[in-house]
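J.: One structure coming up, written as structure tokens, with questions to follow.
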Amino acid sequence: LNSVVFLTLPVDSIYDSRSERVCVFGTGDLGRSLGLRLLQAGYGVVFGSRRPHSSSSLLPHGAQVLGHAAAAQSAHLIFIAVQREHYDFLVPLANQLKGKVLVDLSNNLKKNQYPEANAEYLQSLVPGAEVVKGFNTLSAWSLQNGPSDANRQVYICGESVEAKQAVIAVAIKLGFSALDRGFLSVARELEDFPLQLFPQWRLPLRIAIGLSAAFFFYLLIRDIIYAYVTQSKDISFRIMVSLANKVCPIVSLIMLSLCYLPGVLASFLQLYRGTKYRRFPDWLDRWMLCRKQLGLLALGFAFLHVLYTLIIPIRYYVWFKATERTVSMIRENRTTQFDMTTAWRGDSYLSLGILGFGLYVLLGITSLPSVSNALSWREFSFIQSKLGHLTLLLCTAHTYLYGWNRFLSSSTYKWYTPPGYMLCLVLPSVVLLLKLLLITPCVDRTITRIRQGWERGADQRNPKDNLSLRHEL
Ligand SMILES: NC(=O)C1=CN([C@@H]2O[C@H](COP(=O)(O)OP(=O)(O)OC[C@H]3O[C@@H](n4cnc5c(N)ncnc54)[C@H](OP(=O)(O)O)[C@@H]3O)[C@@H](O)[C@H]2O)C=CC1
Ligand SMILES: [Cu+2]
């Protein structure tokens, strides 16, 4: 009933009590969701539609629907929730849109679909209006979910500061935090944003898949095919758990080293150059930027390793072997002695693994934005750098001890698994050695001196200074 009354009243008398009126062009998915959210935030909403009289059944209760021209006149701020292909309907409205703020919400289906950004195109169609790009990274779905949804950041850009301020005010009232990204030339970047698929995860994922595949095939040939060819022994069932439980820790350890290697390399580079005011090479930059993802993937593999290890006692193969040994010992009337050294060795390597994994999880948790935001920079770098290298040390020691144990305890254990196992130890050892070098007193002094240089605010020390610095290193 209310909406009928609304529609029969003149526009101005309806929203007297409302703080502000906002117009939305387009009554599609996004237009409707945005309209609903605006109404909930206390705005008066006027939809502009091609068919104002036939589209009202799905529209949020309390909104008004008019033709485009009439709707444009009723508000200063107009959200354009219409696909870019149809923007030409705005050209005849140029007069009504003069001086208005037009918010371009559009996205494209692929990158570089059009020669210019949608927002720039809109501006060229309606030169008299102030175009602001924004809100396009939200989805109709998240808008309907209300302010409890996690995605609360919106990006905007545009030429006019006042226009942007008006849009930011609306964004804040809707419960978003708005980030002004600059002029309209940034629009293209904002339009590409929703098209990106985990951009920072791409390289780490490729590394993880590549390493897993390489080690899987290596171990497949060495452990299973080799045994089959030389001893005609079929142990192919080992693929499922034993092999996976070798691939996971190896990949995890290598990825954790790859996560800490660029930081160490960067430190050496800065020390060598004697300044931090020079750009890193591109490859190092890219590598540094995906450290978090490398670390999280490493954590994932470590987690799988833990699960695979925990299920060992319930495996049929293990149960069968143990029973077989017991039965044969009874038959032969044999007993064995408890070997204290073996017990110590086994427990030590397991314990190192558990401690390493515990710290690993801590690193993972503190990399979550909500947790890291609660930490000071010093706390964050203490955990991620100091405890991170400690994690690497514990996990490397765990792997060393494991290999040593196997080597000592098994007469059938051939020196053929170690190449893979050595490979996974080389990299962490190198990283740890370099890190050790970095925290030795001499290098530490140099770092302190460079830092003091930075703190003095200038890095225009004369070249001689740099030389002596290098000498000291
Ligand atoms: N859906 C989403 O989650 C998101 C969408 N966007 C962007 O928002 C825009 C709209 O998306 P969405 O709501 O999903 O699309 P819909 O197809 O659901 O709605 C588009 C609306 O545009 C209007 N329209 C269609 N053709 C014309 C035309 N020739 N002339 C004038 N108006 C027309 C129609 O409204 P009427 O019939 O009332 O005139 C229609 O309802 C797109 O540019 C999209 O990229 C951005 C972020 C998220
Ligand atoms: Cu392990």
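Glycine is treated like the rest: Cβ placed from N, Cα and C.
Bear in mind that TrEMBL entries carry predicted annotations, made automatically and left uncurated.
The following feature annotations were taken from TrEMBL:
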DOMAIN    21-107  domain 'Pyrroline-5-carboxylate reductase catalytic N-terminal'
DOMAIN    250-394  domain 'Ferric oxidoreductase'
TRANSMEM  207-229  transmembrane segment
TRANSMEM  249-272  transmembrane segment
TRANSMEM  293-318  transmembrane segment
TRANSMEM  349-375  transmembrane segment
TRANSMEM  420-443  transmembrane segment
J.: Apart from its near flanks, which chain residues at least 6 from the ends of the transmembrane segment (349-375) lie with a Cβ under 8 angstroms of it?
T.: 256, 292, 295-296, 298-299, 302-303, 306, 383-384, 387-388, 390-391, 394-395, 397-398, 401-402, 405
J.: Could you give the number of helix, strand and coil residues in the domain 'Ferric oxidoreductase' (250-394) as assigned by DSSP?
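T.: Per DSSP, the residues of the domain 'Ferric oxidoreductase' (250-394) fall into 120 helix, 0 strand, 25 coil.
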J.: From the DSSP assignment alone, can you count helix, strand and coil residues within the domain 'Pyrroline-5-carboxylate reductase catalytic N-terminal' (21-107)?
T.: 33 helix, 21 strand, 33 coil
